[in-house]
Amino acid sequence: MTSLDSILADKYPAKAHARRVAEGLKALGHSGGAIYLEAQKTRLIEDNDEPVPFRQRRPFFYLSGCLLPDSSLVYNIDSDQLTLFIPPINPDDVIWSGLPLSAAEALERYDVDNVLETTEVNATLANIAASHANNSTAFAIAEQVSEGTKFEGFSETNFNVLKGVIERTRVVKDSYEIALLRKANDISAKGHIAAIKASKSATNEREIEAAFIATCIANGAREQSYHPIVACGQNGATLHYGKNDEDLIDPVTNRRKDNVLIDAGAEYRTYCADITRAFPLNGKFLPETRQIYEIVLRMQLECIDMLKEGVQWEDVHAHAHRVAIRGLLELGILRGSEDELFDKRISVAFFPHGLGHYLGMDTHDTGGNPNYEDTDTMFRYLRVRGRLPAGSVITVEPGIYFCRFIIEPFLKNPDLQKYIDVGTLNRYWRVGGVRIEDNVHITKDGHDNLTTAPKTIEEVESLAA
């Protein structure tokens, strides 16, 4: 058993998470009471009898580690008792699905103090309220409370603060969560290698996607963090391209297209990987694509080197733009001085998105405090604002794209068109887009890159050859 697997053989640290959330509530002036959370409900697709694909509610999982639907939990803050409630046995369900997890098995599996049936929720809540002389608060998330759940005896039911406290608490991961994210990355790296190898015989984007997903499932990750992006040729200029169904053969030239951008990550026990790579379809990058790849890789490596506890994320993002500007100046795509191009935000035409986002149980994880109303186009789509704490995990995903819809308004703007050399630019449209994305754990001493998928030009070309 590897050290990673030995860590994950222990229970998910739900009790520690409950305590941290309680501390977050106390920091806001709320003392004592009870936290109540519900799992995702079993639901059917609206027009047939098949279930909606199950995705556990993240607040519930964070305080339970439990993937069972139709469950709930109560954390008594004052007595430090965490109780999990699981559905009673339904004989009709047993006919089709077999016996569910028993209370004894659940107590053995999860980091909780008690396991009861969901029929005991209201009585348990009432007992907690009575033990505080009916002078305490129940904390819950309004849109995640079943109609039959009652908070009798509590002097207040607060639906306003719990969700935000959990989301802020989730930013800083413990060692178990880092192990889950590392496992998701390890599986995803295998998927990316398989996808690149599959491209050699593939004739359509969907075959590359299939190789990635199949490898993830075979290695223990049945779910994807998000729908994979597999974009060949100029499709790579679309940031969240989702079709994944275009032929790899150009119908005009009858030749294979130049390159593929794949953005894909496995989800392992609710924790997400988010990795992007670009690779050639013909074994070697074209000169123009190689030049752009070198710039993007330099953007990423320099930004990763800046990462440590307390670094201002906006500064790292701005540095990525400066590296992009220098590279595009060297190629002759941009004209002018670095400072003028930066101040005029010309690089936004080629790098329109944020450098990265928090990562955890959600791909775009909680706590980033973005400002999508920012009038500064360089920072509008930056999903994390502020200083990075130790224990956070963030993606570093610079990119350069040749998207006509984004670039042409700059070319038509009388004040901005002079900064872009159209003649040189025309040689690069076929590149589409290059993005390189890793998942990085911020530590007190610096950082730890969780992503092992190959990314040097030599590594990628060797796999694609």
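Keep in mind that glycine also has a Cβ here, set from the backbone N, Cα and C atoms.
According to Swiss-Prot, the feature Mn(2+) 2 binding site maps to ASP263, ASP274, GLU437, an assignment based on similarity to another entry. For the recorded site, GLU437 (Mn(2+) 2 binding site), the DSSP three-state label reads strand. Long-range C-beta contacts of GLU437 (Mn(2+) 2 binding site), restricted to its own chain and to partners at least six residues apart, with a cutoff below 8 Å, comprise ASP263, ASP274, ILE275, THR276, ARG277, GLN300, GLY356, THR395, VAL396, GLU397, THR451.
Residues or ranges marked as Mn(2+) 1 binding site in Swiss-Prot: ASP274, GLU397, GLU437. When secondary structure is read from DSSP and collapsed to three states, ASP274 (Mn(2+) 2 binding site) falls in the coil class.
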Quiz item: What three-state secondary structure does DSSP assign to GLU397 (Mn(2+) 1 binding site)?
Solution: coil
Exercise. Let me know how many other Cβ atoms fall within 10 Å of the Cβ of ASP274 (Mn(2+) 2 binding site).
Key: 28
Quiz prompt | Extra residues within 8 Å (Cβ to Cβ centroid of ASP263, ASP274, GLU437), Mn(2+) 2 | solution = ALA264, GLY265, ILE275, THR276, THR395, GLU397, ARG435
